[in-house]
């Protein structure tokens, strides 16, 4: 009798966990949160911005070009989502400051930062990379996420904490031939995530990392632009398809939600089964 009662309690508890994890008991897990997403007018960034807004957040999108910002905002607002936007070149201090100020002015604070902006200005041997290319790659891909995080921390502290997600790449674990400085910069983000997580945990700010594999975007176009090349890439994946931007979005929303409140300093790989160990 006692065992039967215990089994009943366990079954009900498991059912509650299952329902919660499937979203059956709670809607809008990011309700009233304010999210900044850099490089979010196309590809992975756009999919993340859309998902955060669908899950209840007020989202501020950004990009280097006003035309792209306007188009993304119009599309997402047309879907009934709470989205605004501003131009932001993450390598420029004044643009980073404006992005933060825009969110605070419109929504009263910041709860979430998704640092997605990146460049890959070079293809070839590491021995042929110029100092100029190194500076540009590390400035945008590594230094800017660190400084962007620094800029939002005071606003997150005012709201009792927050969540940062830094977008790295499968190239951090398995370097892509020819993408030499890009590979190095994306590996550096794994260390940045760990370091920020340790430093910001006492402030109730969690920092995690997303490492997408081969996702079908304009950024990765040269890897899949013809059918033969695409089929060849699929053969290297355990899940025999290329990823879509939406494959990354739900994971980021989860990491920004209370469901991930005990997760920090971690990297989640969305790579179709691509080996991902340093």
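Just so it is clear, glycine is given a Cβ too, placed from its N, Cα and C backbone atoms.
Copied from Swiss-Prot, the annotated features are:
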type	residues	note
ACT_SITE	182	active site, proton acceptor
BINDING	36-60, 186	NADP(+) binding site
BINDING	169	substrate binding site
MOD_RES	92	N6-succinyllysine
MOD_RES	92	N6-acetyllysine
MOD_RES	105	N6-acetyllysine
MOD_RES	216	N6-succinyllysine
MOD_RES	216	N6-acetyllysine
MOD_RES	220	phosphoserine
MOD_RES	227	N6-succinyllysine
MOD_RES	234	N6-succinyllysine
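Sparsest Cβ environment among the binding-site residues 40, 56 (other Cβ atoms counted within 10 Å): 56. For the modified residues 92, 105, 216, the greatest number of Cβ atoms within 10 Å around a candidate Cβ is found at 216. Here the Cα atom of residue 44 (NADP(+) binding site) is found 22 Å from that of residue 92 (N6-succinyllysine). DSSP classifies residue 48 (NADP(+) binding site) as helix under the three-state reduction. Counting every protein chain shown, the Cβ of residue 48 (NADP(+) binding site) has 30 other Cβ atoms within 10 Å. Residue 216 (N6-succinyllysine) falls within neither a helix nor a strand when secondary structure is assigned with DSSP, and so counts as coil.
Here the candidates are the recorded positions 48, 56, 60, 92, 105, and by Cα distance the one nearest residue 216 (N6-succinyllysine) turns out to be 48. Neighbour density for residue 60 (NADP(+) binding site): within 10 A of its CB lie 29 other CB atoms from the protein chains shown.
Listed in sequence order, 118, 119, 120, 122, 137, 141, 169, 171, 176 are the same-chain residues at least 6 apart in sequence whose CB falls under 8 Å from the CB of residue 182 (active site, proton acceptor).
On the backbone, the CA of residue 56 (NADP(+) binding site) and the CA of residue 92 (N6-succinyllysine) stand 30 Å apart. A sphere of 10 angstroms centred on the C-beta of residue 169 (substrate binding site) encloses 29 other C-beta atoms.
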